[in-house]
Amino acid sequence: MQEIPAILVLENGSVYRGTAFGHAGEATGEVVFNTSLTGYQEILTDPSYTGQMVVMTYPLIGNYGITPNDNESKKIWASALIVREASNVYSNYESTRSLDATLKEAGVMGLAGIDTRKLVREIRQKGAMRAVISTLCDDVAALKAQAAAIPEMTGLDLVQRVTTGERYTVDNPDAKYHVVAFDYGIKTNIIRQLNAEGCKVTVVNAKTTADEVLAMNPDGIFLSNGPGDPFAVTYAIDTIRELAARNSTLPIFGICLGHQLLSLAFGAKTYKLKFGHHGANHPVKNLLSNTIEITSQNHGFAVEMESLPGELELTHKNLYDMTVEGIRHRELPCFSVQYHPEAAPGPHDSHYLFKEFTELMERLKN
């Protein structure tokens, strides 16, 4: 593989030089790091990474290639992938192509050969930053100015970029429940888990109205993960608030961005984390069962603990930084978690939440 020099310039002027793989050219976005050892395919195709360049802390990436069934959506959403070493050799009984070839076909840049430990420390200490990767320009001052001109994630509604254009249904022949899932950037494995729990899932556009949803006669509402600032997605917040007000026996379950939107709908506030939670090894305490769960996480915003209104009960707490990881309404059948119980990649400690959702639908259906 021919080595093409590439440069990464952060908005603060820090420079990292390496080589490009995948697509050569230019990429922009917010730089975040992910601590997962595996799962790069799922990470790249997770719509929640829209507008972000992902640094993998594990030093060797690409060694098991790309498999046909592990995408979390139909395309790569991350702006770029940054690694210490990109493996030219891949081996896995299901893999059909290399990471390099996949990125190249998708027009997505990869950057290898940089000191990722140094970059991660800088992000950890100074916060997630906007940046530019380029094989076309070596002018640091110009690239720094370009990075500084990238829109900040705060105030950015990216949901409209990733949501489905058309409603679609993923059926289960033995389905007992009909779930309407708002697509704010939904992952494939979430739909798969809902199917496994006996749900027919109708996936709808993020701007679908409460009237349209209720006309589908759902047994439950699911609020998906997604990218950007939850506070900017005002249409979703208003719809969730209306759904909860109009039907007090309709279960609502939110994950990640969906958790933040549900919290905002009931009057809580959100804020941007310094560098976010991105990885598959975050310990969370379940305050209801007094147990610890190892969780998969991917979010740059969080719900403000002090802003939780009286009707919302804190159910889960992050043991790294004590941030809100789960809430439930004290009277309405509404609950949510900040992390990803469906994992992909990650542990399966929290799969029980899908069962709790179906049990809630069963109880209120009868």
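Cβ coordinates are placed from backbone N, Cα and C, and glycine is handled just like the others.
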Exercise. Which of S14, S36, S48 shares the L-glutamine site with G226, G228, L257, Q260, N298, G300, F301 per Swiss-Prot?
Worked result: S48
Problem set entry | Local backbone state of S48 (L-glutamine binding site), from DSSP in three classes | helix
For this session: Measure from the Cα of G226 (L-glutamine binding site) to the Cα of every one of the active-site residues C256, H340, E342, then give the nearest.
Result: C256
Exercise. Given the recorded positions G228, L257, N298, G300, E342, and counting only Cβ atoms in the protein chains shown, which has the most within 10 Å of its Cβ?
Worked result: L257
Exercise. Highest CB neighbour count within 10 A among the binding-site residues S48, F301?
Worked result: S48
For this session: Compute the C-alpha separation of H340 (active site) from G228 (L-glutamine binding site), stating it in Å without decimals.
Result: 16
Problem set entry | Whole-number Å value for how far C256 (active site, nucleophile) lies from F301 (L-glutamine binding site) (Cα to Cα) | 9
